[in-house]
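One structure is given here, and the rest of the page talks about it.
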Amino acid sequence: MMLKNDLILRAARGEQTERTPVWLMRQAGRILPEYRALRAKLSGFKELVETPDLAAEVTIQPIDALDVDAAIIFSDILVVPEAMGLTYEMVEARGPLFPETVKSAADVARLRVADPEEHLGYVLEALRVTKKALGGRVPLIGFAGAPWTILAYMVEGHGSKTFSKARRMLFQDPELSHQLLRKITDTTIAYLRAQVEAGANMLQVFDSWAGILNPQHYHEFSARYIGEICAAMPADVPVTVFAKGAFFAHHDFAQMPCRTIGLDWNEDPRAVRQLVGDKTLQGNLDPCALYGTPEQVRAATIEMLERFGPQRHIANLGHGVYPDTNPERVKVFVETVKEHSTRMRQDLA
Ligand code: CP3
């Protein structure tokens with residue numbers, strides 16, 4: 001199927017675009033009343049994730065409601081540990097919980113390298129249904145967590161400010177850590193390749209807990225596995241690496257075989273451009289900027305666009321949109337990106 005809007009793919013490949021493409025991390029979710037209405041009728045988050053027709057429906061909701069330039073498949077990074085043998089629960093208003101965690105060599109040995117069709121078939125089916133329903137309106141983004149971030153949840157068992165159990169494992173048993181990262185990486189490579197076969201046009205790797213590692217550990221336990229994942233993807237499918245808080249790892253990113261680097265709002269895009277060369281950058285408005293008045297949202301968005309410059313930029317927030325954000329403000333953000341980035345090119349011409 002021919003894409004009617006392929007701006008984000010062209011921007012990711014470093015090609016010239018007539019305006020800056022825009023989407024939001026967590027655009028499919030609680031900010032939309034139509035999501036909350038559907039979600040309220042179900043037993044919980046997992047039912048939504050595991051029912052392909054419903055996952056496809058909420059994936060498409062923000063395309064209709066917000067007019068963004070890409071759809072991201074509605075799922076979660078935690079489906080991977082589950083496919084490897086560690087079930088998660090999504091506890092209402094608290095977040096993910098793993099009743100069993102990884103503590104020992106025996107625990108790592110028990111985990112399997114998952115087979116995507118067998119263990120993650122519901123995500124692949126959701127991608128196929130979504131792709132068909134989109135009818136080429138916008139590209140579809142597939143995703144997975146980075147191996148380090150997945151290890152962090154598997155060892156810790158739930159969210160944490162420090163993930164000190166997970167970081168402790170890196171210090172106390174680097175070899176076991178690498179064994180676990182190996183299994184997660186092999187699963188993730190097969191899973192992301194299967195997502196491409198099921199219709200994903202582009203991929204994003206979320207390293208949400210990158211920022212709590214020291215630079216040496218980041219290099220040894222995270223960046224090298226992400227690099228391996230990027231290198232294993234089909235050459236025509238752009239990969240974005242979003243490593244939240246990893247301002248110390250620009251050298252790793254410059255070497256990474258990926259097209260796009262996602263930036264959180266702590267980063268100065270001009271400084272990052274100097275360090276990572278000709279890669280495309282994604283980001284990075286502070287999600288809290290969307291709590292402002294329409295005028296404030298517009299001003300903050302324009303400031304951000306000017307810092308990135310007109311080309312090789314995919315506009316987004318610096319992290320997922322917060323659930324209590326007014327969708328009208330999101331629309332102001334999206335419209336401002338479209339208008340102002342068009343104007344930036346006219347000013348240059
Ligand atoms: O729109 C999209 O971006 C696609 C959907 C998506 C979800 N999770 C849905 C979701 C994506 C890309 C994710 C990724 C994800 N999941 C990450 C990486 C991105 C990041 O935020 O750093 C992480 C760390 C997770 C793990 C996770 N899932 C947590 C910590 C939580 C609880 C916190 C929260 O936001 O409630 C989730 C739950 C979750 N994943 C929800 C959604 C829409 C909320 C569940 C609900 O509807 O009740």
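Placement of Cβ uses the backbone N, Cα and C atoms for every residue, glycine included.
It should be emphasised that the depicted structure is a prediction, and the values quoted were computed from it without experimental measurement.
Per TrEMBL, the candidate among Ser104, Ser208 that belongs to the substrate site alongside Arg26, Gln27, Ala28, Gly29, Arg30, Asp76, Tyr153, His319 is Ser208. Neighbour density at the Cβ, taken as the number of other Cβ atoms within 10 Å, is lowest among the binding-site residues Arg26, Arg30, His319 for Arg30. Taking Cβ pairs closer than 8 Å, the domain 'Uroporphyrinogen decarboxylase (URO-D)' (21-30) reaches residues 7-8, 11, 36, 39, 58-59, 61-62, 66, 68-72, 74, 141, 242, 314-317, 319-321, 323, 330, 333-334, 337-338 in its own chain, all 6 or more past its ends. Listed recorded positions: Ala28, Asp76, Tyr153. Those with a CB atom under 6 Å from ligand 1: Ala28, Asp76. For the substrate site, whose annotated binding residues are Arg26, Gln27, Ala28, Gly29, Arg30, Asp76, Tyr153, Ser208, His319, the maximal Cα to Cα separation is 23 Å.
When the Cα atoms are compared, Tyr153 (substrate binding site) and Asp76 (site 'Transition state stabilizer') turn out to be 13 Å apart. Packing around Asp76 (site 'Transition state stabilizer') is summarised by its Cβ count: 17 other Cβ atoms lie within 10 angstroms of its Cβ, all protein chains included. Taking the C-alpha positions, the distance from His319 (substrate binding site) to Asp76 (site 'Transition state stabilizer') comes to 15 Å.
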